[in-house]
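Listed features, source TrEMBL:
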SIGNAL    1-19  signal peptide
DOMAIN    33-326  domain 'Glycosyl hydrolase family 59 catalytic'
ACT_SITE  Glu176  active site, proton donor/acceptor
ACT_SITE  Glu251  active site, nucleophile
DOMAIN    335-452  domain 'Glycosyl hydrolase family 59 central'
DOMAIN    488-659  domain 'Glycosyl hydrolase family 59 C-terminal lectin'
Amino acid sequence: MAKAMFGFLTVFFIHWTCADIVFDDASGYGRRFDGIGSLSGGGATSKLLINYPEKQRSEILDFLFKPNFGASLQILKVEIGGDIQSTDGTEASHMHYSWEENYERGYEWLLMKEAKKRNPSIKLYGLPWGFPGWVGEGSGSPYHNVLKTADYVVRWINGAKKIHNLTIDYVGIWNETPYNISYIKTLRKVLDGRGFQHTQIIASDNKWKIAEDMSNDKELKDIVYSIGVHYPGTQSPKQAQQLGKTLWSSEDYCQKNNETGGACWARILNRNYVNGHMTSTIAWDLIASYYTSLPGWGMGLMTAMEPWNGHYVVSPPIWTSAHTTQFTEIGWTYLKHGHGVGTLPQGGTYVGLTNPKRDQLTIVMETMTFEHSKCVLDAKTPFKVNPQNVTLSLGGKWSGVQEMNIWFTQLGFDEKPNIFFEKRSPLKFIKGKAEVFLDVNQIITLTTLDTGNKGAYPAPPPHIEFPLPYSDSFDSYNLYQEPYYLSQQIGSFEILAEGKNGFVRQMVTQMTIPWCKQADGIQKAYNVFGDIKWTDISVEFDFRIPSKNGSSGVFVAARTTKGGCSSAETSGIFFHALPHKFVLSTDIQRQHVVKSGDLSYGPGSWHNIALSVKGSLAKLIFDQTTVYFGSIPTWPTAGWAALGTDSYGLADFDNLKINSLM
Ligand SMILES: *[C@@H]1O[C@H](CO)[C@@H](O)[C@H](O)[C@H]1NC(C)=O
Ligand SMILES: *[C@@H]1O[C@H](CO)[C@@H](O)[C@H](O)[C@H]1NC(C)=O
Ligand SMILES: *[C@@H]1O[C@H](CO)[C@@H](O)[C@H](O)[C@H]1NC(C)=O
Ligand SMILES: *[C@@H]1O[C@H](CO)[C@@H](O)[C@H](O)[C@H]1NC(C)=O
Ligand SMILES: *[C@@H]1O[C@H](CO)[C@@H](O)[C@H](O)[C@H]1NC(C)=O
């Protein structure tokens, strides 16, 4: 009797509540939430943020890291610089050479410290994209001597601790390249041996293949803390789900930071768990602080690329992030699929998360449409989302909840206005139920937490282009810093000094273990600056080739068109100054020669080189003597200014001056 009645009730209940979304703990909990993060580097993506005016830089860092303010990121992943081109530039290695170590180079240290200052519980994650050549003992592989490579990486983790008091929580293998199991095991041993038992290994920052190896190799399975996959398209294979390990999307997003990027990010943040059981998602990249026209330009969570006046833009993905990060912490737990995690009846998804004490509940719902929420590297299977009314039903530990705070975003597609992260009046639950209307392209967070804040600062200075004239004597830097506006694409440039005279030195002397072989493989250092739209300019500087380990020459260029992995294919007007001749060419490799002629200089002393381009004319001046004044091809018509070396090898640069001839 009782049984029959129960049966009846169950049928009735299921029928009546068919549009109900239930949030309860009836069958336990889902996986632990491991945090939402972003990636600085991979590469050189934070380049222009560093010399922002202090006030604006601090504001930007607040939008990224400060809890209850903006994106409030929970993980900061950074590149372990390797002197190699890693997408938008190169980041310096902590060991250009086997005999030295330096933890003052680059800008990732500063970013990590600023992030920690704002949020002491943010997790830090380091990953190499490539390595200096010596690490592979000339073999070109970091797995040639796995102990040497592990030593190199663990030194970086040790430097973080000893010099910067930064604890590195996670370390990866080699970005988007094959892993080597004996290397992973060696890395674990070296970490343990040097007191870094707490630093966990994420592998392999590529696709899912390692799940297979982990299921066949218990030692490997035990030492890999989390499988970190790039651009999983929100899906994970059953084999990975059944391993009993956490699954992360350790690089994802990759979209312009307009509304489309905001929508892409909202969709994957939910769906990586709903579809793929992934408990952490990390965006490439943290901040669009690299020159326009470099690869993937504008794909940071926000934009800051005008250090000369401090202009920045707080972009939609900042508020998309806030919907999850401001109402969760690492260590919270997802609810179970079907009990607070799933797909909405008319499309879109929802995830419920609860704190370790289980007395707080956060629900994030997204209704992104297929058309408007594409990420660049996504699976492109279409799906439908319609406006809908849904009944939310709270059960178990949360059955007594009477109201939840609402945070609302409407992305402004199809003539709707943008509304970002707005607090609405709380949603009342009557007998554990409430109805909500969800239109398309919305994000709605419901939470029992009373925290949450849409941070704001007065408008930053307005947008302006790179101002000319520009000059830099490199005397006002700290040693080992990167020259601010010089966006290094091949090679590694840093400030050194003799007495009070600061200058820039190109440091790479040997072929690297590259990530973009097509760029680094030409073994010529290349550094772009200014504005891709520059046409008629003059660029001048002093240079010196050291007598030991010097490069085979230097160049100055205007109208250069390409960076990133395509650096070797750049066009431009190149004035190459070699010890016995000059070459005027339209390429970095001196293959498309316009003119060449005599020149003579020796190593060890400073010389001056100047290039002016105006319309179809160029003037080349070496040590105050004009070596060419004549016509040049009219293509390319515009591009960055650039400098560099004719081969790997040391070269010094000083007193850079750029003028407009427009
Ligand atoms: C991994 O590295 C070890 C040590 O250098 C080497 O013996 C082995 O062949 C490598 N494995 C693969 C699959 O490359
Ligand atoms: C290092 O950081 C920890 C927090 O992670 C802090 O407690 C400690 O005071 C710091 N030490 C120094 C020397 O700054
Ligand atoms: C955002 O930028 C991408 C890439 O330029 C473009 O395809 C997309 O249409 C833009 N979205 C909006 C809403 O402007
Ligand atoms: C949602 O409910 C409201 C009021 O109950 C109704 O006016 C509206 O048509 C419903 N919308 C949809 C898409 O069902
Ligand atoms: C410079 O060259 C010398 C001799 O070939 C070599 O021993 C040294 O390692 C080189 N230094 C650098 C920085 O490459």
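Even glycines carry a Cβ here, placed using N, Cα and C.
Between the C-alpha atoms of the residue listed as 'active site, proton donor/acceptor' and the residue listed as 'active site, nucleophile', the distance comes to 10 Å. In the structure shown, across all protein chains, Glu251 is the one of the active-site residues Glu176, Glu251 with the greatest number of other Cβ atoms within 10 Å.
Mean model confidence for the domain 'Glycosyl hydrolase family 59 C-terminal lectin' (488-659) is a pLDDT of 98. Helix, strand and coil content of the domain 'Glycosyl hydrolase family 59 central' (335-452), in residues and according to DSSP, is 3 helix, 55 strand, 60 coil.
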